[in-house]
Amino acid sequence: MSETKLQADGVTIHTEQGMYVDPAALTNHLPELHYNQGELWMEQVSIHELAECYDTPCYVYSQQAILDVYQAYSDSFAAIDHQICYAVKANSNLAVLGVLATAGAGFDIVSRGELMRVLAAGGQADKVVFSGVGKTKSDIEYALTQGIGCFNVESISELTLINEVATQLDKRAPISLRVNPDVDAKTHPYISTGLKDNKFGIAHEEAVAVYEKAAALSHIDIVGIDCHIGSQLTEVEPFIAALDKVIELVHSLREKGIELRHIDLGGGLGVRYIDESPVSIHDFAQALLPKLTELGLPVFFEPGRSMVANAGILLTRVDVLKPTAHKNFAIVDAAMNDLIRPALYQAEMAVIPMTLPSEGIDTDDTQPWDIVGAICETGDFLAKDRLLSLATGDVLAITGAGAYGFTMSSNYNSRPRASEVMVAGSHHQLIRKRETTEALYADEILWQNAK
Ligand SMILES: Cc1ncc(COP(=O)(O)O)c(C=O)c1O
Ligand SMILES: N[C@@H](CCCC[NH3+])C(=O)O
């Protein structure tokens, strides 16, 4: 073992050269991903076989891993009336939505497009909550026409617009107010949503007055209260602080004669990407249940990341190895357009090989590599300073890629988006074809006036 070893926590070894992520130790924490005689498998399918069959870059998801998390939420909150509304933005592939719809999930959406996906996948509109700060007239019309379960309203102007559209359609609009409780979620500033500096929700101190306004509107039905304070929360305390503020409002509203039918605590539960230790779903529930039981109202949750992140991997192939005097670059066929989380949030995601070294871990056999894409941006990296033993043509798996992976991908540098595959037991199936390059410009129109 290298003398430069600084510390080890079971999954990672930090050295002066970089970080070694022990693939076998990491996969012990990942559902449905494991090494079988040194080869990486998901459920009962060899990842090597998938890379051969579908090529790279390719997202692969385990159906069982998704269902297990859904079941963990259901079991953990079984003592109370609850509804899991999966946050579609985390992974909106129709196959993923279909698996969750069949399991009984509701959905949290932020656009007309997400609602169309939910309905196309067999979800029920009345189990859908509609979040988002900028709902348009057309979003609202479509949602009301489809029989949406609840609008999570984020401003007075949105409330007024929903009432106007409902009046025109001669319908009543079910609404909650999304309250901004001004609670620090202790997460990356770009994904914190419950502070008063953030654009989201209606300030806690203004909420009762806005509810009174809503109660006076002709075509609004007040059904609940909502808050969502941020994403990738690893501790339970911010959730409790937000819940306390929501409960306080429920009581204030009761005193004003406004009775709610549910509370919605949003999503935000974090996951382990490498060595984080987020509170488990079970412990999260145990911490909230006493207060929720006492309150006695049905509770909605909007988990996104915790439902799908660790059900997915991104497979990518090493195209070019470029060692330099200062740094080693491994240029792979996935890039920031496929997975933007490292570039956008400096997120650290694990990169593991298809095959374990037969001699076991020895960081002396490895080199520090920056795993980068071929895009013309210095910020185009997937991981930095990772101790790996690499050869051109190797396939690597980036774990934790099931959430905010494909859904945040783009065509930057005219790169077609990756394919997506679902695994269930020994079965695997393409659930989204790799985009063709022609499709990228098929809707563009040549300028006729060009001289
Ligand atoms: C309103 C709302 N609900 C739910 C979620 C899902 O959050 P997460 O993926 O962290 O569970 C988000 C995203 O942060 C959101 O903005
Ligand atoms: N896109 C973010 C999460 C944003 C949550 C959306 N409200 C991520 O990849 O971590």
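Along the chain as shown, residues are numbered 1 onward.
Just so you know, glycine gets a Cβ as well, placed from its N, Cα and C.
Nobody curates TrEMBL annotations by hand; they come from automatic prediction.
Feature annotation from TrEMBL assigns domain 'Orn/DAP/Arg decarboxylase 2 C-terminal' to 58-402.
TrEMBL lists 68-309 with the feature domain 'Orn/DAP/Arg decarboxylase 2 N-terminal'.
In three-state terms derived from DSSP, Lys89 (N6-(pyridoxal phosphate)lysine) belongs to a helical segment. The Cβ of Lys89 (N6-(pyridoxal phosphate)lysine) has Val110, Glu114, Gly304, Tyr404, Thr407 as same-chain neighbours under 8 Å, each 6 or more residues away in sequence. Per TrEMBL, N6-(pyridoxal phosphate)lysine is recorded for Lys89.
Taken from TrEMBL, the feature pyridoxal 5'-phosphate binding site covers Gly268, Glu302, Pro303, Gly304, Arg305, Tyr404. All chains included, 29 other C-beta atoms sit within 10 angstroms of the C-beta of Gly268 (pyridoxal 5'-phosphate binding site).
Secondary structure at Arg341 (substrate binding site), as computed by DSSP, is helix. The substrate binding site annotation in TrEMBL covers Arg305, Arg341, Tyr345, Glu377, Tyr404.
Counting only same-chain residues six or more apart in sequence, the Cβ atoms lying under 8 angstroms from the Cβ of Arg341 (substrate binding site) belong to Ala347, Met349, Tyr404, Gly405, Met408. In the vicinity of ligand 1, defined as a Cβ distance under 6 Å, none of the binding-site residues Arg341, Tyr345, Glu377 are placed. Counting only the Cα atoms, the space from Gly268 (pyridoxal 5'-phosphate binding site) to Glu377 (substrate binding site) is about 30 angstrom.
Close contacts with ligand 2, defined as a Cβ under 6 Å from any of its atoms, occur at Arg341, Tyr404 among the binding-site residues Gly268, Pro303, Arg341, Glu377, Tyr404. Between the CA atoms of Pro303 (pyridoxal 5'-phosphate binding site) and Tyr345 (substrate binding site) there is a gap of 20 Å, rounded to the nearest whole number. Within 10 Å of its Cβ, the residue among the binding-site residues Tyr345, Tyr404 with the fewest other Cβ atoms is Tyr345. Listed in sequence order, Ala87, Ala90, Ser231, Gln232, Gly267, Gly268, Leu269, Gly270, Val271, Ala403, Tyr404 are the same-chain residues six or more apart from Arg305 (pyridoxal 5'-phosphate binding site) with CB atoms under 8 A from its CB. Separating the Cα atoms of Glu377 (substrate binding site) and Glu302 (pyridoxal 5'-phosphate binding site) is a whole-number distance of 34 Å.
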